[in-house]
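What follows is a short report on a single structure.
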Amino acid sequence: NQMAIAQIDGIKPIVHLLCNGSSAAKERAARVLGNLAANTEVVVAITEAGGIEPLIHVLQDGSTAAKERAAGALRNLSINTTNQVAIAEAGGIRLLVQLLCDGSTTARERAAATLGNLCLNAQNRRTIAEAGGIEPLLQLRCEGSTAAKERATAALKNLSVDPANHAAITKLQRKKEAPKPFV
């Protein structure tokens, strides 16, 4: 069904709805794009239809449910290396890090998964660190749901490939583990 929708040019109307629909329509459109993006062949069609930037806008201005769905769609889209760059260039990393800090439980888990995919790209690893992504990932790894902990751990593993990130992760972990002074 996913390929059939792409083949009949059904993605463009969904992207249009994501740009111009009501809050509820944007949430549904993001959910549909996320489901469609589970098919790696359809991922390219979503990108070609201009689906990335509207999903990023939903991360910034959408309802809680819409942000959750947009983060899920971006997670699926970010499997593609070209999309990893496109999501970063559209400002997605900063918004995903923000979602890690103040999003719902589901949004935080999906943001961590998306960041984990994005940091397969070397420049994105640096950008995630510069955007302040390491500390909220460490926090999520300790305090999140089981799924969120797994996603945060995977993202931190991918981030730590970069030596500077590895050092920053180690430093923050030591800081959190340091004994608290008696008052």
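Using the three backbone atoms N, Cα and C, a Cβ is placed for every residue, glycine included.
The annotation domain 'U-box' is assigned in TrEMBL to 8-160. The repeat 'ARM' annotation in TrEMBL covers 9-51, 50-92, 91-133.
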Inset, instruction - Please indicate, using numbers and ranges, the residues of the same chain that are 6 or more beyond the repeat 'ARM' (50-92) and have a C-beta under 8 Å from a C-beta there. - result: 11-12, 14-15, 18-19, 23-24, 26-28, 30-31, 33-34, 37-38, 40, 43-44, 99, 103-104, 106-107, 110-111, 113-114, 117-118, 120-121, 123-124, 127
Inset, instruction - With DSSP as the reference, give the number of residues of the repeat 'ARM' (9-51) in helix, strand and coil. - result: 33 helix, 0 strand, 10 coil
Inset, instruction - Within the repeat 'ARM' (50-92) only, compute the mean pLDDT. - result: 97
